[in-house]
Structure formats: structure tokens, C-alpha cells
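First the structure, in the form of C-alpha cells, and then the observations on it.
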Amino acid sequence: MNECYYDKRMDFFYNKTKTDTADEWTGPQLIGVLCFGTFFCLFIFISNSLVIAAVVKNKRFHFPFYYLLANLAAADFFAGIAYVFLMFNTGPVSKTLTVNRWFLRQGLLDTSLTASLVNLLVIAVERHMSIMRMKIHSNLTKKRVTFLIISIWAIAIFMGAVPTLGWNCLCDITVCSSLAPIYSRSYLVFWSVLNLVVFFIMVVVYIRIYMYVQRKTNVLSSHTSGSISRRRTPVKLMKTVMTVLGAFVVCWTPGLVVLLLDGLNCSDCGIQNVKRWFLLLALLNSVMNPIIYSYKDDEMWATMKRMICCSSEDKSQERRSSRIPSTVLCRSTDISGHYIEDGIIQGTICGKGDLGDKGNS
């Protein structure tokens with residue numbers, strides 16, 4: 001029977017796997033990394049809090065898909081917490097950690113990634129179903145979206161806890177990985193392949209939606225009297241959605257590939273030299289999302305700006321909708337509504353008349 005090492009500290013496992021714990025990260029280099037990480041973590045907390053607060057405060061955002069947007073921001077906020085915990089439990093400190101504390105450190109990161117990934121997958125699947133059926137209104141009710149949000153976090157927490165629940169190498173150190181010295185290499189292969197497959201599925205789904213949107217726009221353009229900009233709106237909205245997904249894939253794929261190589265026991269791949277930089281790249285994803293939301297959505301930015309300036313809500317601006325007020329999710333949610341609005345029934349989007357596209361994009 002193999003001996004288990006639950007009572008050992010992490011230095012035992014780092015020495016067994018010959019893992020680099022960055023003992024050289026001291027002095028100015030360590031201070032620079034901590035300052036860099038602290039700045040971005042503060043930005044993540046503030047910006048994603050503003051996104052959540054904007055959804056709560058602005059009645060135009062009181063619809064199920066905006067709640068998914070807020071949940072995505074909550075996942076990014078949680079990622080900031082995970083990075084803060086990582087910053088103060090990495091480098092030379094890693095060797096002093098207990099097994100449980102190290103599991104917590106990695107579990108927080110895995111949970112934040114899974115929460116964002118599953119949230120994006122839910123959006124992709126629902127949009128595909130709605131757009132292909134040419135529906136103006138989503139079938140997603142508030143009860144359903146609440147259930148989905150709870151399910152997203154349940155799945156995320158479970159996936160983050162899988163190694164703690166037993167899929168580790170504490171009782172067989174011969175299968176320990178290099179980057180995660182108490183994770184089994186088989187688990188790293190499973191984890192990285194699963195996430196990369198989900199990435200691929202989401203990219204295929206959004207490419208399919210984008211091609212469908214573009215085809216329908218071209219067909220309807222010859223039968224509608226709307227302006228060119230209005231007919232191009234659906235394509236612009238899909239580009240916004242794909243920007244969010246593209247940023248997520250670009251920021252996370254390198255790190256997952258490194259984990260896969262480690263799981264495959266690639267000793268000549270130089271993964272120790274790039275792991276920190278790919279982790280920082282993943283951190284940037286939580287920084288980029290709030291910027292995309294505010295840049296692409298005028299009303300979201302206006303709501304956030306009013307909260308930053310601590311000014312009272314300007315009712316005249318609330319009534320004014322000269323530019324499309326949809327967020328990333330609303331834009332993707334109601335693409336089919338734009339088709340029907342421009343080419344079939346001159347309807348409204350977002351399920352309410354006051355959320356409709358009343359002006360130019």
C-alpha cells in the first residue's frame with residue numbers, strides 16, 4: 001500500500017518533483033510583481049463592482065440576461081480574490097504552505113475559471129437556440145436564470161474542489177506534476193483538455209451564429225427600408241460578443257496548454273519559464289471584460305459614470321436612447337429581434353418597448 005503524505009508541508013512535494021518555487025523572486029523583482037498584481041486586482045474589484053451595481057441600479061438592465069452579465073462580472077470579481085490570495089502565497093512562501101492551504105490557493109483559481117467558462121457557455125447555447133428559432137423574446141425567465149446562476153457556481157465550486165476530494169497525488173508522489181506538485185498529472189490532462197474542448201465548442205457556436213446573422217442581414221437588406229447602419233447592427237452586436245469570448249480564449253489558452261504539457265510530463269518544454277507570465281495573462285482577462293462592457297455599451301458606461309461621479313440620475317438621459325443601450329449580453333440576446341424589427345414586424349428588442357433600438361447605432 002502506498003504511503004500518504006497529508007501531514008507534509010509543500011517543501012516536501014516541491015523537492016520531490018523538483019519544482020521551481022522562484023526563490024530568486026526577492027527584492028525589486030518581487031516588489032514589482034506585487035505592485036503590478038495589486039494594481040490590477042484593485043481595478044478588477046472596482047470595475048466589476050461597478051458593472052454589478054449598474055445592473056442593479058438601472059431598471060433598463062432588470063432582465064434575465066443582464067443578470068448573467070452581472071454574474072460574469074461576479075466571476076471576474078472572484079478571480080480578483082483568487083489572485084490576491086495567490087500573490088501572498090506564492091514564490092518562496094509556497095514551500096511553507098500546508099497541503100490544505102495550497103489546495104485552497106489552487107481551488108480558488110480553478111473555481112473562478114470554471115465560473116466564467118460555464119457562464120459563457122450558457123450564454124452561447126441559449127443564444128444559438130433563440131436566434132436559430134428567430135425569436136424576439138428569450139425563453140429565459142428570472143426563475144430560470146436564477147437556477148442557472150446557482151448551477152454555474154455549484155459546478156465551479158465542485159470543479160475547484162475535485163483535487164481536494166481525492167484526485168491528487170498525496171498517496172502516489174510518482175504521478176505528481178511539476179507545476180502543481182500535489183496534483184496528479186492525469187488530473188491536469190483532464191482539466192486542460194476539458195477546458196480547451198469547451199473553448200472550441202463556444203468558438204464554433206459563435207462562428208455559426210455570426211455566419212447566420214450575416215446571411216440573414218444580407219437577405220433582409222434588399223427587403224427593408226431601414227438605414228444601412230440599422231441593417232448592420234446585428235453584425236456589430238455579434239462582433240461585440242465575440243470580442244468577449246475572444247479575449248477569454250486568448251488569455252486562458254496559453255496557460256491551459258502549459259498545464260496540458262505538464263500533465264503529459266513534457267520535461268523539455270520549458271514550462272517553468274513561462275508559467276508566471278501566462279498566469280498574468282489570465283489575470284488580464286478579468287481586467288479587460290469591464291472595459292469591453294463600458295466601451296461597447298453607451299448606457300452601461302453612462303450608468304457607471306454617474307455612480308463614479310456620485311451624481312443624481314439624469315432622467316432626461318434615461319429617456320434618451322439615441323444609441324443602442326444594450327450590453328454585451330443584450331446585444332447577443334436580441335440579434336434576431338433586430339432582424340424581425342428591420343425586415344418583418346418593425347418590433348422592439350430586449351422584450352420591452354423602452355429597451356428598443358430607437359435611434360442609430
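We number each residue from 1, going along the chain as drawn.
Keep in mind that glycine also has a Cβ here, set from the backbone N, Cα and C atoms.
Copied over from TrEMBL:
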- 47-293: domain 'G-protein coupled receptors family 1 profile' (DOMAIN)
- 30-53: transmembrane segment (TRANSMEM)
- 65-88: transmembrane segment (TRANSMEM)
- 108-125: transmembrane segment (TRANSMEM)
- 145-167: transmembrane segment (TRANSMEM)
- 187-207: transmembrane segment (TRANSMEM)
- 240-261: transmembrane segment (TRANSMEM)
- 277-295: transmembrane segment (TRANSMEM)
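Counting only same-chain residues 6+ beyond the ends of the transmembrane segment (108-125), those with a CB under 8 A from a CB of the stretch are 65, 68, 71-72, 74-76, 78-79, 81-83, 85-86, 148, 152-153, 155-157, 159-160, 191, 195, 198-199, 201-202, 205-206, 241, 244-245, 248, 252, 282, 285, 329, 332. Listed as Cβ neighbours of the transmembrane segment (65-88) (distance under 8 Å, sequence separation of 6 or more from its ends, same chain) are residues 33-34, 37-38, 40-41, 44-45, 48-49, 51-52, 55-56, 104-105, 108-109, 111-113, 115-116, 119-120, 122-123, 138, 140, 142, 145-146, 148-149, 152, 156, 279, 283, 285-286, 289-290, 293, 327-330, 333.
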